[in-house]
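Visitor: The domain 'O-antigen ligase-related' feature in TrEMBL is assigned to 198-337. Feature annotation from TrEMBL assigns transmembrane segment to 25-52, 64-81, 93-112, 124-143, 193-210, 216-232, 239-260, 329-348.
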Amino acid sequence: MNTKSNHYICNMSRKQIFEKKMERFIYLYIFLSGFVFIEPSLAELAFSLFLLLYITNVRVDTKIFALSMLLFVPCFLSTYISQTFFHLLNLRFVLIDLYLFFAFTILSSHMRKNLSPTDMINKLMLFWAMSGVINIFAGLLSLKNGGKLFGIEILIYGLRLKGFFKDPNVLGAFLVPPAIFYLSRAVRYKKQVLSFLTFVVLSLGIFFTFSRAAWLNYTISLLLLLLIKLFKPKELKRLFTLLISLSVIAILFWEVSASIEILGVNLQTFFLGRTGLQDYDKERFAAQKEFSNILSSTSLIFGAGPGNYETFAKMSAHSLYLRYIGERGLFGFLLFLIFLLIIVLRTSRSKYSELLLPLLIGQLVNSLFIDSLHWRHFWVLFSLAFVKKDEALKQTIL
């Protein structure tokens, strides 16, 4: 009896040790997701190493597994149909899609088992913010070398901050969740000067990406947070105070921006130029319309297969939803909509919906104009829909 009991306790401790290691890996993963200037990225290398070391300890939740089939099944079917009947196969993107879906499955399974999600979310956002701030300060340091740092282009197309990403649009979207998180902290608690300063720095980073989709993402998340705070008078008052402070900073910044030149480019003029349609927007609109040609040329039901949108459009779809319907067909797109609906409903019913819902909706709106399917942080955000309430501690988020 005692031997069995000791063996049970030993097994329980091993599980707990692994879950702790898993939690630390998630922090590392989101941090490294801010550095994707090489392929495979540092996040992929860390993920592969972690699985190699602990694959026997990984346990997938059955409900999460069932949900992930909404992603895996269309991926396999569209790959098979497109390769068999249309001789279209982009193995690189097949593997990337499968990796991200698998990562979502593992991360979400961990979220369901985590007994102290409040602490986990707080630490996750800390590492997320640290990664974002490094990207922003890399932009400042790169000014001495014409926008380059360690041989990597940090600023492109004039003044657009892309940091250690390949595209400013991705960096902008990456910075929004921690920015909104630290604004929420500053609103919820008194004497959160550091939280507000972190929010301001991340907000400046979003501004300097000059990504219209990221600006929209940021605005939507802010408005949703404001809407939620309408039902909490004390926090609403504090939020208004902080937003007024931010507005004053923005007005002062705008006044001096007319006289600021960076790398020979006037800041205010560059900003005004980004508020309207760009020359390349016509090409993007044409690429977005290409999904109908893809479906008529390949399979209406199963699409052209992972990564094959560019084969027809010659450029990215610049829309998650149009890319998905073009590559997975009507069948895959319907299952994806069901998947997203489940994620949104889970998030809205979460104890942490006050924070997570504005972040999620903002990213989904962003995805109307940007192809976000392969953003690592996107799938981490999805996995947070499955966090449970703290069982032992009466903590509150933020």
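Residue numbering: from 1, along the chain as shown.
Including glycine, each Cβ sits where the backbone N, Cα and C put it.
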Visitor: What does DSSP give as the helix, strand and coil breakdown of the domain 'O-antigen ligase-related' (198-337)?
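Guide: Taking each residue of the domain 'O-antigen ligase-related' (198-337) in turn, the totals are 103 helix, 4 strand, 33 coil.
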Visitor: Counting Cβ pairs closer than 8 Å, which of 25-52, 64-81, 193-210, 239-260 has the most of them with the transmembrane segment (93-112)?
Guide: 64-81
Visitor: Sort out the residues at least 6 away from either end of the transmembrane segment (193-210), same chain, that have Cβ-Cβ distances under 8 Å to it, and list them.
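Guide: Result: 129, 132-133, 135-136, 139, 157, 159-163, 168-169, 171-172, 175-176, 178-180, 182-183, 185-186, 218, 242, 245-246, 249, 270-271, 274.
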Visitor: Do any residues, 6 or more residues outside the transmembrane segment (25-52), come within under 8 Å Cβ-to-Cβ of it, and if so which ones?
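Guide: For the transmembrane segment (25-52), the sequence-distant neighbours (Cβ-Cβ under 8 Å, at least 6 residues beyond its ends) are 58, 99, 103, 107, 110, 120, 123-124, 127-128, 130-132, 134-135, 152, 163-166, 170, 174, 376-377, 380.
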Visitor: Six or more residues beyond either end and a Cβ under 8 Å away: which residues meet both conditions relative to the transmembrane segment (124-143)?
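Guide: Hits for the transmembrane segment (124-143): 26-28, 30-35, 149, 154-155, 161, 163-165, 171, 174-175, 177-179, 181-182, 198, 201-202, 204-205, 208, 262-263, 377, 380.
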Visitor: Could you give the mean pLDDT over the domain 'O-antigen ligase-related' (198-337), rounded to a whole number?
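Guide: Mean pLDDT for the domain 'O-antigen ligase-related' (198-337): 91.
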Visitor: Near the transmembrane segment (239-260), which residues from the same chain, at least 6 beyond its ends, have a CB less than 8 A from one of its CBs?
Guide: 183, 186-187, 196, 199-200, 203, 225-226, 229, 266-268, 271
